[in-house]
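In TrEMBL this protein carries:
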DOMAIN    37-175  domain 'Phosphoribosyltransferase'
Amino acid sequence: MDSTLYESTLSDLKDKIKSYPDFPKEGIVFRDIFSVLRDPACLRNILDLMVAKIELLKWTDVDVVVGLESRGFILAPLLAVKLNAGFVPVRKKGRLPGVCKEIAYTLEYRSDVLEIQQDSIHQGQRVLIIDDLIATGGSLGATCKLLSGLNANVVGCLVLLELEQLHGSKNVEAPVESLITF
Ligand SMILES: O=P(O)(O)OC[C@H]1O[C@H](OP(=O)(O)OP(=O)(O)O)[C@H](O)[C@@H]1O
Ligand SMILES: Nc1ncnc2[nH]cnc12
């Protein structure tokens with residue numbers, strides 16, 4: 001994709017993302033990806049732009065795409081198909097059967113526990129982590145730690161939106177890239 005088209009498509013997407021002040025708590029400005037996903041052209045553009053970014057970063061050679069529950073589950077499997085990779089979920093505690101590894105974490109507006117199935121990734125597999133958004137980096141940081149515990153080779157994390165002022169990538173041990181910053 002040529003760089004002028006890339007930039008204008010991103011700028012158009014950014015303009016269409018709706019923001020909700022004081023949701024889900026006072027002081028949080030909630031950036032709602034569903035306001036663009038419902039538009040078929042925007043959904044297609046998001047996918048194309050994410051693939052273009054992955055190609056630019058040379059992150060294409062991956063075995064597994066990991067997605068974070070729940071909004072990460074929308075984009076991760078779509079990208080896994082494009083990259084000819086498998087999809088592995090990281091879920092909130094108590095939802096995955098079998099032996100799981102867990103980690104407690106804090107995000108912009110609450111705390112929780114994340115889990116991954118122990119047999120879902122093999123030692124040395126190349127992993128790309130996908131989520132909709134990075135705020136404090138709590139969720140992606142915890143996911144990287146879970147994957148380190150499975151001896152995975154995390155190539156990087158790609159998100160659609162980054163909340164720049166929170167400097168979330170500092171809390172993530174793998175490289176973090178985003179398409180749109182607020
Ligand atoms: O960088 P952080 O501070 O960790 O925040 C980012 C996370 O917050 C949201 O998840 P959340 O679990 O709140 O909601 P969801 O279940 O709708 O994805 C979002 O989808 C990211 O995963
Ligand atoms: N400000 C925000 N908007 C949407 N999702 C979020 N997850 C964490 N912080 C968020």
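We number each residue from 1, going along the chain as drawn.
Each Cβ is built from the backbone N, Cα and C atoms, and glycine gets one as well.
Where the annotation comes from TrEMBL, it is an automatic prediction and has not been curated.
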Segment-level pLDDT (mean, integer) for the domain 'Phosphoribosyltransferase' (37-175): 98
Secondary structure composition of the domain 'Phosphoribosyltransferase' (37-175) [DSSP: H/G/I, E/B, coil]: 53 helix, 45 strand, 41 coil
